[in-house]
Amino acid sequence: MSRYGLQKLYINGAYTDSTSGDTFDAVNPANGECIAQLQAANAQDVDKAVAAAKQGQPVWAAMTAMERSRILRRAVDILRDRNDELAAIETADTGKPLSETRSVDIVTGADVLEYYAGLIPALEGQQIPLRGSAFVYTRREPLGVVAGIGAWNYPLQIALWKSAPALAAGNAMIFKPSEVTSLTALKLAGIYTEAGLPAGVFNVLTGSGDQVGQMLTEHPGIAKVSFTGGIASGKKVMANAAGSTLKDVTMELGGKSPLIIFADADLDKAADIAMMANFYSSGQVCTNGTRVFVPQALQAAFEQKIVERVKRIHIGDPSDERTNFGPLVSFQHRDSVMRYIDSGKREGATLLIGGYSLTEGALAHGAYVAPTVFTHCRDDMQIVREEIFGPVMSILSYQSEEEVIRRANDTEYGLAAGVVTQDLNRAHRVIHQLQAGICWINTWGESAPEMPVGGYKHSGVGRENGISTLEHYTQIKSIQVELSSFNSVF
């Protein structure tokens, strides 16, 4: 018997057997052990979830703003009370160190839910005077039933990023977590019900993206899809959504983000920022600053500081509190990252440190890849052009500000960017020219609930978090009122 046993779908406020009874395994990437069996949804299950959501959504939307706010706040309290329990599940499912999941994953997800719970009473329309006898007023009404499709790197946080604004606006959601990391989304569903969310308002369907995800994007009963994943999958989502019922779509599709270090930067601080921008969560963060641009004159000194810091990384069992670098999320993903590393070697980049999978001792049965740093990289190399989503840093040298801005923007992605400098005039001047939706100056990675998150170019459509996201889960109804007589031309 696996640690977490058989995991059912969550439909209409209860854990429910799938129609087919088919299952797939959840695997701990730290040791290869099966930790749960998850039921796989099919078309009938999708229809059941949509029907339940359509029944529950009007009940939820009819509640007062304060009633809905109190229910979501209760869910926040439960999440925080169970932080350690949920963190342990997340660590077993993703391989992320417990030191991360305890302090970041559940905490930041709960923060987003609390933020939107507080905004519910502020969701209001407008009154627009036309003339003495007439005016217009607007109402922000829910879209109805919406779908969220999550990625595998921040399972619970992403489930909350998608469900919090959707529920706050009065919608019902059907959420499909990544088939690689599904466990905490199922836990979240139970927490919402325990907090008082009406049956059918939050449903979880586990299974593959090619099947369940596609069914959700094509389903005529769904009004909006919020998707996090890769570009190729995102294009399919958009095509399916447009080809079915012209659904609204929000997508976050990853990046190949530049981190620019200027000559006046504190080099120790710059090295610390580069480490966090590349090796946090074993490099499995969509906003990672994997293209690190350094002035040619400082390149050798910067490389030395990076190598010193990489050697201090504590790689090990993610359940060990001392570990700050765990395995990749799956063995399949480990192999993908290793192919990129091999590509970097073949194309002539200089390997400073790492560049291999860890296969000895206690790490032998896990999906571990050593933190890897390449230097003397060229802009046309595969490791510089493509998103690796692993612990691989590419160091590139440059000569001038104009040159580095041009090269930083020379990518199909546009999710994030950052600069490290003591010259604030330069910082703002450069940031204003970088083609990225999320930018940091002298820091990296923090994303508060108030901060809109999303990309330029192929990195996405729309935004998550912030006030505007709540508005995008509503539709505006305009009503004109005439207080005097009506004159007809007939």
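Residue positions begin at 1 at the first shown residue.
Backbone N, Cα and C define each Cβ position, glycine as well.
For the NAD(+) site that Swiss-Prot gives as G150, A151, W152, K176, P177, S178, E179, G230, I231, A232, S233, G254, E387, the extra residue drawn from C286, C439 is C286. Fewest other C-beta atoms within 10 angstroms, among the binding-site residues I231, L246, C286, are seen around L246. There are 21 other CB atoms within 10 A of the CB of W152 (NAD(+) binding site), with all protein chains counted. Neighbour counts were taken at the CB atom with a 10 A radius for the recorded positions K162, K457; the maximum falls on K162. Residue pair W152 (NAD(+) binding site) / G460 (K(+) 2 binding site) shows a Cα separation of 17 Å. When the alpha carbons of E464 (active site, charge relay system) and D248 (site 'Seems to be a necessary countercharge to the potassium cations') are compared, the span between them is 14 angstrom. The Cα of S233 (NAD(+) binding site) lies closest to that of G460, out of the binding-site residues L246, K457, G460. Each residue contributes its Cα atom, and for L246 (K(+) 2 binding site) and G150 (NAD(+) binding site) those atoms are 21 Å apart. Comparing C-alpha positions, E252 (active site, proton acceptor) sits nearest to G460 among the recorded positions G150, K162, C286, K457, G460.
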